[in-house]
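Read through the structure below, which is laid out as structure tokens, and then see the notes.
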Amino acid sequence: MELCSFLTLDSFITDPLTHDFMRKALLMSSLVAAVCGFLSSYLTLKGWALMGDAVSHSVMPGVVVAYALGLPFSLGAFIFGVGSVALIGFIKQKSRVKEDTVIGLVFTGFFALGIVLVSKIKSNIDLHSILFGSPLGISLSDVKQTIFISLLVVILLSIFRKDLMLYCFDPRHAKTVGINVFFLHYLLLTCLSLAAVVGLQSVGIILVVAMLITPGATAYLLTDKFDNMTVISVLSAIISSLIGIYVSFWFDLETGGSIVLAQTFIFLFAFLFAPRYGIFKLKKLFAGYK
Amino acid sequence: MESINYQNFRIDAENICVDYNGKVALYDANLRLKPGQICGLVGMNGAGKTTFFNALTGFVNISKGKIRINGESVRSAQKDQTIAYVPQNEGIDSQFPISVWDVVMMGRYGSMNIFRTPRESDVQAVKDAIKRVDLTDHSSTPIGNLSGGQRKRTFLARAIAQRASIFLLDEPFSGVDIRTEKLISELFIQFKNEGKTILLSTHDMIHVREFCDLVLLINKTVVAYGETSEVFTPENITTTFGGISPDFLFGPES
């Protein structure tokens, strides 16, 4: 019996690996998850969830236009992602409308433009894969772009890791000691746009914001150290991706939704059982735990 | 014409104005402080105290006037780590996952390499600063687990580690315990003897009389400025607080 159940678990994991598209999906999604998870620590501490939602939705017309013109989709997405933030800043400054309203207004406008463009531009764009992601059908050129962007974001975040932490924590001090806060602000926005671009391949535009905030929120409940938070965030993002893809393979479920749902469950687990900040404070159960 | 040697002034703000999208927050404000002077910045909420700090640190741009820090521009003061800002407790995210040590180390960032790798001297500076505010036992404590007073001391240690010559303190005595208050006042005397210049905002009138050589009363602009004993009069205070009598301000709630 034991051997039998072991074999089942074993084949649960190894069977999908015999398919080329599954190996590629698992690898790519893990990479994307790691990048988004890394950034996630900063976004949750900075309070940029809504901004993440805005940027990820706003890249839609950029993706469509880039496809139509035969350009790398990441380029189009990046321009519209950063453009949306610039527009939000401009409208906020020049009108009396409150910021959250402006954010909601701008990103839905961009998103609607994207949907209209898809229906108008005759091409082989698959609306479903943009909206809900298609980690199982990722093309070779997309793989190259994803790897390139992911490495770029990881390198940028690694170099400016501490400065970005300071920027999120106390921008006024950063400015006072001569650190370029303007640069850090746009660096974080740039990374956000790029991460949204790679993230949307895994889970699609609608859910990509989850990749950018849920792992960070989970990690925030589990530690009081910034470095640990980054590590936990990245790990929980990768694990969620793997779980999501396996589950979607075996039970024939929507992959993007499964990945995000796995993240949500991990968050709920932390929410309930985190040693210090969970509802049931597991810490009390372990004597001598520190 | 008499020429003024600007080098003598740590802070020299001349007719500065700050506006946010056309809304005037501060206008025609002047302030001159020398090394070793402690000046109290007193005014209502929204009178421009934080704006004044922001202008001095370069966090907001002034629309008119001139600011010289040690005779140089605000930009070069930033580069030289001349000014340290100690925020209000409410002004920071106390749940940020960061330890006392990490916060104090941030005081050294401006003089580190791009990766902010601490050198031996940085580690020593941080150690010394934490010791001076009496938090050595709490070095690795997350700031979320500190009391209000301990958190205030953490940011004071950051300013010390920065080796700044000008300290700007936003409400240094609000929400702190007796022990912290005593420690801060002892540090003020040390800072003064070290020739540092301190500008602190406060609601508490008693602290102004106790610590401040000079006082700057503001209400969008300078109402009065000078030696505390001369300027800190009931009339001036009443004007600063928009006609509210000082009896009310000195009441049990202040």
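Even glycines carry a Cβ here, placed using N, Cα and C.
Note that TrEMBL annotation is computational and uncurated.
The transmembrane segment annotation in TrEMBL covers A:25-45, A:65-90, A:102-123, A:143-160, A:181-198, A:204-222, A:229-251, A:257-274.
Long-range contacts of the transmembrane segment (A:143-160) within the same chain: residues 24, 28, 31-32, 34-35, 38-39, 42, 72-74, 184, 187, 190-191, 194-195, 197-198, 201, each at least 6 residues beyond the stretch ends and with a Cβ under 8 Å from a Cβ of the stretch. Stretch with the largest number of CB pairs closer than 8 A to the transmembrane segment (A:65-90), among A:25-45, A:181-198, A:204-222, A:229-251, A:257-274: A:181-198. Here the transmembrane segment (A:181-198) has Cβ contacts under 8 Å with residues 31-32, 35-36, 39, 42-43, 46, 48, 51-52, 55-56, 59, 73-74, 77-78, 81-82, 85, 146, 149-150, 152-153, 156-157, 160, 163-164, 167, 171, 174-175, 208, 211-212 of the same chain, all six or more residues outside its ends.
Beyond the transmembrane segment (A:25-45), the same-chain residues lying 6 or more positions past its ends with a Cβ under 8 Å from any Cβ of the stretch are 16-17, 51-52, 135-136, 138, 143, 146-147, 149-150, 153-154, 157, 164-165, 168-169, 188, 191-192, 195, 198-199, 201-202, 208, 211-217, 219-220, 226, 229-230, 233-238, 240-242, 244-245, 255, 259.
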